[in-house]
Amino acid sequence: MHPAGLAAAGTPRQPSKRRTPVSQPGMADPHQLFDDTSSAQSRGYGAQRAPSGLGYPAPSASPQAAFLADPVSNMAMAYGSSLAAQGKELVDKNIDRFVPVTKLKYYFAVDTMYVGKKLGLLFFPYLHQDWEVQYQQDTPVAPRFDINAPDLYIPAMAFITYVLVAGLALGTQDRFSPDLLGLQASSALAWLTLEVLAILLSLYLVTVNTDLTTIDLVAFLGYKYVGMIGGVLMGLLFGKIGYYLVLGWCCVSIFVFMIRTLRLKILAEAAAEGVPVRGARNQLRMYLTMAVAAAQPLLMYWLTFHLVR
Amino acid sequence: MAFTLYLLLQAALLCVNTITVLHEERFLKNIGWGADQGIGGFGEEPGIKSQLMNLIRSVRTVMRVPLIIINSIAIVLLLLFG
């Protein structure tokens, strides 16, 4: 009944095969789902396949050639490709308005040595002396040349690794299902967004004149995923004791890291001399820095404790 | 847990609605948070309270019309899809 249904439905479609879309997953055989449906070739190919059912090799040659030789479809293809080229130009010109692509490129200018040293700094920030970002004629130096510069490579990779490790942890406890991965990812992303918005709001309220951009903030807040991954992996290997130990270590490290980094950005004047200056304004800024740094361990625990049993 | 992005959007919409709904004359003036009551001269730092008052007034001015549209869309979507 299946081929008969295909044949019956296919024959009236044949004269109008040029305008028929190919997406008929219920009726066609499974091979058709993996064909490239964007080219004109497979459009004729796919429409031809439906009436012939399973006999795809031989009869597809002639309707294909006839389809391409038709001048109207030639013009349509040329027009379509020129439209696509125009659209691509438009997007390329305007993308910089919505997504700061050129600025983003700076954050991904990393190399292996930088990543290695930065990871070491995230786990052991106690011996590092100079936390200032070096400048080169008014623009900050690329992360490749300065270990103190924020980057987006480590946070992005750490986020993806966190989602995968969460899936692994859930799998070892027989609690895994594929949609849980998406749930973990969107949950972590939602917490990140909430954090960024809360910090931006508090920075606005405290009127801090800082050069801390939003992307910088996302980068700094993304560094905690590295500690979270370490904690969960240790928890998988050594149980709850290992998890708490490593997570505690990473929490303290991230706390110190954030304080030392944000102090230079938020408390710019006071931190330069290294003197704890009194005054309501600086005190408020200090509280803000401490609050941001203290939120990191809390979130690290909150996002991982349900993964380790 | 299940703190999804959709939940965040809903919460953000509700929060912005809350800020926009605070009435200038009937409420804010009575607790001393009116927009014209906060000018403390040209001091160097505005202070948190005046920043908050500025924020409330700006949100109200900017988001009045877009919120009408977004709220209508949200109402229709919630009626249709629950």
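Glycine residues also receive a Cβ, built from the backbone N, Cα and C atoms like all the rest.
What TrEMBL says about this one:
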type     : residues  : note
REGION   : A:1-55    : region 'Disordered'
TRANSMEM : A:152-171 : transmembrane segment
TRANSMEM : A:183-205 : transmembrane segment
TRANSMEM : A:217-237 : transmembrane segment
TRANSMEM : A:243-263 : transmembrane segment
TRANSMEM : A:284-303 : transmembrane segment
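When Cβ-Cβ distances below 8 Å are used as the criterion, the transmembrane segment (A:152-171) is approached by residues 104, 107-108, 110, 115, 118-119, 122, 143, 180-181, 184-185, 188-189, 215, 218-219, 221-223, 225-226, 228-229, 232-233, 235-236, 303, 307-308 of the same chain, each at least six residues removed from its ends. Tertiary proximity for the transmembrane segment (A:284-303) is limited to same-chain residues at least six positions away from its ends with a CB under 8 Å from its CB atoms, namely 162, 187-188, 191, 195, 199, 202-203, 206, 208, 221, 224, 227-228, 231, 247, 250-252, 254-255, 258-259, 262-263, 266-267, 270, 276.
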